[in-house]
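Undergrad: Just dropping this structure here.
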């Protein structure tokens, strides 16, 4: 059976950073690792075949980021977290997707989504996620979802006998369901992956407290989303993201006690709270920051975007990239004084040297929507001078009319 692209469907599970880790020494002994494991049962062989097909599609995905320095960075963090003997056979695929996700297939193919890279704030925090996913792989947890995978695959065939029926959106939802069933882990598996993942961190140069830091940041972002939605009188703060999107933490609800418990457990390793990889993390993301910010803004979740922009600004200041993203965030929401705010931030970004034609256009549109027609005409005229044959020229000229 030929399967349609599965990339947008990947719903892996880093949902459980909790439960228990026994008190141990500062450098815990990791269990023996068998890198050349061969599938034995029929279910295992089926899982490996599915994983191989999934990886072939990953390699051809239009979302795949082939930037070597970025891929090298992610690999280095994985290797420093779990050790060179464990990471050697892993194939890493960085996908340009703004959702917070990472996952690992049974055959050693690991996916890391850019939404995760943007939200983790250091090597240690990224390592905590990658280590958790690798723990699921080492413990061979993927086998448990094979029954659901088969059921989901069978349901895809009912459309037209090929699994290709339905609209693009329907097909995408089916593919998401397929991968969601593949990467669904039960609570016992999550507990085991939590325990082993924390051991990886404690045995590495990274602080084991980073596992809890990720949860703390996720809770803060969720609170920001809830506050923004409540202020706008919109949907419930607990409603799922639009279009069926799920993220890394969504298979289990965020839990403040979980973060507190992980903090308590990490203290038993006595490996400190200093994170040595903050600057290196942001340096690795720097060439891709504009792309990552655009993906964030396009999610159109005001609370999350505002929260993350402030986090980034605390690290590097309000530079032109962040100011532009802030302007776009307000322009896209378009409520109350948003257009006036957008115009302000566009101008601040331009003052720092961001003078692309589209910035003049978006500034002009924002000024027009804010009722400042005279100012809008100046900016839109500049845009049309820079791009005389612009595809949206007629629309922009209409905005310039008195």
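Here the Cβ of each residue, glycine as well, is placed from N, Cα and C on the backbone.
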Undergrad: Out of 176-202, 203-229, 230-256, 257-283, let me know the one TrEMBL marks region 'Disordered'.
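TA: Of 176-202, 203-229, 230-256, 257-283, TrEMBL gives region 'Disordered' for 230-256.
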Undergrad: Can you check which of 114-133, 134-153, 154-173 TrEMBL lists as region 'Disordered'?
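TA: Spelled out, TrEMBL records region 'Disordered' over residues 154-173, not the other listed ranges.
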Undergrad: Can you work out the mean pLDDT of the predicted model over the domain 'Peptidase M48' (73-265)?
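TA: That region's mean pLDDT is 78.
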